[in-house]
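Taken from Swiss-Prot as is:
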type	residues	note
BINDING	Cys76, Cys79, His103, Cys106	Zn(2+) 1 binding site
BINDING	Cys93, Cys95, Cys119, Cys122	Zn(2+) 2 binding site
COMPBIAS	25-36	compositional bias 'Basic and acidic residues'
COMPBIAS	47-64	compositional bias 'Low complexity'
MOD_RES	Ser249	phosphoserine
REGION	23-65	region 'Disordered'
REGION	260-279	region 'Disordered'
TRANSMEM	153-173	transmembrane segment
TRANSMEM	193-213	transmembrane segment
ZN_FING	68-129	zinc finger
Amino acid sequence: MSMPLHQISAIPSQDAISARVYRSKTKDKEQNEKTLGHSMSHPSNISKAGSSPPSTTAPVSAFSRTSVTPSNQDICRICHCEGDDESPLITPCHCTGSLHFVHQACLQQWIKSSDTRCCELCKYEFIMETKLKPLRKWEKLQMTASERRKIMCSVTFHVIAITCVVWSLYVLIDRTAEEIKQGQVTGILEWPFWTKLVVVAIGFTGGLLFMYVQCKVYLQLWKRLKAYNRVIYVQNCPETSKKNIFEKSALTEPTLENKEGHGMCHSTTNSSCTEPEDTGAEIINV
C-alpha cells in the first residue's frame, strides 16, 4: 500500500519573512521608546531636583565641616603665608595660636623698620645675631619725601644758626678782650664789659644746649641707619622650640602604635592561615 507523498518546501514563504521583519521592527521601536523614556525621565528628575528648594540640612553640614575641621597648616603672622624650604617658619617669642610662627625675612624687615628688639605683644626680647654690612652696600632709610625735606631744612637751619652763634661769640669775646686791656691801663672796667660778658655766657650756654639737642636727634638718625643696614638672624625661642618638639613626638607616637598593631594583626592572621595548611599536609602524609 503506497503512502501519498507530500512535497514539503524548506524555503520559507514571503509572508513569513515579512512577518518576521515586521516583528523585529516593532521590537526595535519598543526598545527605542523605552530608552527614550528612561533618558527623558532622568533629566526631568534632575530638573525637579534643581527646581526644588534647597534643604536646610546641606548648608548646616557644610558649615559644620568648615567650622569644625581646623587648618593644620601653620602660617606667618606678618604675611599670612605658609612656610617652605627656602623660607621656613620660626618661633621667636612666647606668642601662641595664629601668632606663634613667623618668617625669618618678614621678622627681619619688621625689626629694621621698627628698630625694636622685642615682641610687641609678649614683650619677649628676641635672641639675635647681628653684623653690619660693608659701607659700600649700605642702603638709604625708607622715608617719605616730606620727611627728607624736613631733614634737609633742619640741617641747613642748624648750620646757619651755629655759624651765627660762633661768629657772635667771637666778636663779643674779641671786644671784651680789648676792654679788659683798656681796663688794665685805666684800672676801671665800665658796665658794657659786664653786659657783654653776660651775653657771651648766655650765648655760649644756649649754643651748647642747642648742639646737644641736635646731636641727639642726629645720633638717633645714625642709629636708625645703622640698624637698617645690619644683617639680622633671629633664633628660635628655646622654650617654644622644646614645646614644638614634644608636641611632634606626641603626635608621631600614636601612628607608630597603630603601625605596630597592624603588624601584629598581620602576623596573627598569617599564623592562623598557616595552621590549616600544616594540618592539611599532615593529613595528606597519613
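Note: Cβ is positioned from N, Cα and C throughout, glycine not excepted.
Features as recorded by Swiss-Prot, highlighted on the structure.
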residue : record                : Cβ neighbours (10 Å)
Cys76   : Zn(2+) 1 binding site : 21
Cys79   : Zn(2+) 1 binding site : 13
Cys93   : Zn(2+) 2 binding site : 25
Cys95   : Zn(2+) 2 binding site : 19
His103  : Zn(2+) 1 binding site : 23
Cys106  : Zn(2+) 1 binding site : 18
Cys119  : Zn(2+) 2 binding site : 18
Cys122  : Zn(2+) 2 binding site : 12
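Listed by sequence, the residues of this chain that lie at least six past the ends of the transmembrane segment (153-173) yet keep a Cβ under 8 A from its Cβ atoms are 196, 199-200, 203-204, 206-207, 210-211, 214, 217. Across the fold, the C-alpha of Cys106 (Zn(2+) 1 binding site) and the C-alpha of Cys122 (Zn(2+) 2 binding site) stand 18 Å from each other. In three-state terms derived from DSSP, Cys93 (Zn(2+) 2 binding site) belongs to neither a helical nor a strand segment and is classed as coil.
Cβ proximity to the Zn(2+) 1 site centre (mean Cβ of Cys76, Cys79, His103, Cys106, cutoff 8 Å) flags the following additional same-chain residues: Arg77, Ile78, His80, Cys81, Ser87, Leu89, Val102, Ala105, Leu107.
The DSSP secondary structure for Cys106 (Zn(2+) 1 binding site) is helix.
Summarising model confidence by region, the zinc finger (68-129) averages a pLDDT of 82.
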